[in-house]
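Asker: Quick one: the structure is below, questions incoming.
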Amino acid sequence: MATLKDQLIHNLLKEEQTPQNKITVVGVGAVGMACAISILMKDLADELALVDVIEDKLKGEMMDLQHGSLFLRTPKIVSGKDYSVTANSKLVIITAGARQQEGESRLNLVQRNVNIFKFIVPNVVKYSPNCKLLIVSNPVDILTYVAWKISGFPKNRVIGSGCNLDSARFRYLMGERLGVHPLSCHGWVLGEHGDSSVPVWSGMNVAGVSLKTLHPDLGTDKDKEQWKEVHKQVVESAYEVIKLKGYTSWAIGLSVADLAESIMKNLRRVHPVSTMIKGLYGIKDDVFLSVPCILGQNGISDLVKVTLTPEEEARLKKSADTLWGIQKELQF
C-alpha cells in the first residue's frame, strides 16, 4: 500500500546529505543560544548543530528553535551530546565554559575553561577537520590560543571573537554622544578583550573627519569632554550588565553572527578579532590579541597594520605580557 507521502510526491533522485554551509554552536547557555538565533535570523547556514553536556536543556533548545522553522530559512536544526552531529561543519563556534560570576575578571576563569576545551576541541577537529574555529568563551584571547594549540589548526582558522563586541560598544557610545548611528561612527578597540583593551583615538572618525584632529585632547586626561569615559564605559559595561541581569547575551550573539556572516559569505570585511600577533608591535610570544583582520572563507587571510602611538603600543605589549604570564603556566 502506497503511503500518503508516496501518493503525493514522486521522487526523482536520492540526494546526498552533506550540508554545504553548516554551522555548529558548542554550548547552549545564554550566549550560545543568542548566537544561534542571530545566525538563524541572518540565514547563514543550511544546517545548524547544537552541542552541550546537559541533554535535557539541549533537546529543549533544539525543539524550541525547530518549532520556529516556518519563520526561518535554515532547513535542518540538530543537536546532540555526541560530536558526530557536528560533522562537516564549515564554522564551529565555541561558547561553552564556566560563566563569569558577578565581579569576576575574565582572566580568573582560565584554568576551569582550559579543562573544558581539552574535551571539546579534539572532538570538533575529529568530525570537521577543515572547519574554522570561532572562540567566544572567556578569557577569549587565552582560550583562542588554547584552541589553536590543541587543534593543530593553522592560525588563520582559529579566531577569537575578541574586541569585535568592545568596538561595537565603543561605536554605540560614540554614536549616543554625537547623535549619529553607530554604523557611521568609526572607532577601534584593540588588544585584550576585557580590562586592558586599547582604544585607538587617532582612528576615531565620522565621514572620514578625524575627531582627534578637531579635538586634540581626545582620550587624554586633560580632555574637557572626558572622552576617556567612553572607553571606561566599554570596559565596565559587561560587568554592569552581569550585575543587572546575571549574564550578557544579546550583543555578543549579534556580534558573533556578524563575524559568522563575513566568514560564511567570504565578505572580506575588516573586524577587530583575536589572532596570533607574534612578531607585531614588538611582541615575541605566542599570544592572541585583537587587531583589525580581514575575514573570509579561509578565516583570517590578512591583517591591517594599524599605526599606534608609542603609548598605545606599550599598552598592547603590556597586555601581551600579562596574557603570556598566564598562558605559560597553563596545564594542557
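If you go along the chain as it appears here, the first residue is 1 and each next one adds 1.
Cβ atoms here come from the backbone N, Cα and C positions, even for glycine.
What Swiss-Prot records for this protein is below:
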MOD_RES   Ala2  N-acetylalanine
MOD_RES   Lys5  N6-succinyllysine
MOD_RES   Lys14  N6-acetyllysine
MOD_RES   Thr18  phosphothreonine
BINDING   29-57, Arg99, Asn138  NAD(+) binding site
CROSSLNK  Lys57  SUMO2 cross-link
BINDING   Arg106, Asn138, Arg169, Thr248  substrate binding site
MOD_RES   Lys118  N6-succinyllysine
MOD_RES   Lys118  N6-acetyllysine
MOD_RES   Lys126  N6-acetyllysine
ACT_SITE  His193  active site, proton acceptor
MOD_RES   Lys224  N6-acetyllysine
MOD_RES   Tyr239  phosphotyrosine
MOD_RES   Lys243  N6-acetyllysine
MOD_RES   Lys318  N6-succinyllysine
MOD_RES   Thr322  phosphothreonine
Asker: If you skip the near sequence neighbours and keep only those at least six away, which residues in the chain come within under 8 angstroms of Lys57 (NAD(+) binding site), Cβ to Cβ?
Answerer: Val28
Asker: Taking only the binding-site residues Ile37, Met41, Ala45, Ala49, Asn138, which one has a CA atom nearest to the CA atom of Lys118 (N6-succinyllysine)?
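Answerer: Of the binding-site residues Ile37, Met41, Ala45, Ala49, Asn138, Asn138 has its Cα closest to that of Lys118 (N6-succinyllysine).
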Asker: Among the recorded positions Thr18, Asn138, Thr248, Thr322, which residue has the largest number of other Cβ atoms within 10 Å of its own Cβ?
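Answerer: Result of the Cβ crowding comparison: Asn138.
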Asker: What whole-number Å value do you get for the CA-CA distance of Arg106 (substrate binding site) and Lys243 (N6-acetyllysine)?
Answerer: 14
Asker: Looking only at Arg106, Lys126, Arg169, Lys224, Lys318, the recorded positions on record, which one has the least crowded Cβ, with the fewest other Cβ atoms within 10 Å?
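Answerer: Looking at the recorded positions Arg106, Lys126, Arg169, Lys224, Lys318, the Cβ with the fewest others within 10 Å is that of Lys224.
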Asker: Just jot down the residues in the same chain as Met33 (NAD(+) binding site), at least 6 apart in sequence, with C-beta under 8 A of its C-beta; none if empty.
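Answerer: The list for Met33 (NAD(+) binding site) reads Glu61, Ser249, Gly253, given in order along the sequence.
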Asker: Any idea what DSSP makes of Asn138 (substrate binding site), helix, strand or coil?
Answerer: coil
Asker: Just to verify a number: CA distance, Lys224 (N6-acetyllysine) to Ala2 (N-acetylalanine), in angstrom, no decimals.
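Answerer: One finds 80 Å between the Cα atoms of these residues.
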Asker: Within 10 Å of Thr248 (substrate binding site) by C-alpha distance: pick out those among the recorded positions Lys5, Lys14, Thr18, Val53, Tyr239, and say none if nothing qualifies.
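Answerer: Qualifying among Lys5, Lys14, Thr18, Val53, Tyr239: Tyr239.
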Asker: To the nearest Å, how far is the Cα of the residue listed as 'phosphotyrosine' from the Cα of Ala49 (NAD(+) binding site)?
Answerer: 30
Asker: Over all pairs in Arg106, Asn138, Arg169, Thr248, the listed substrate binding residues, work out the largest Cα-Cα distance in Å.
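Answerer: The widest Cα-Cα gap among those binding residues is 17 Å.
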Asker: Using the CB centroid of Arg106, Asn138, Arg169, Thr248 as the substrate site centre, which other residues of the same chain sit with their CB within 8 A?
Answerer: Gln100, Leu165, His193, Gly194, Ala238, Ile252
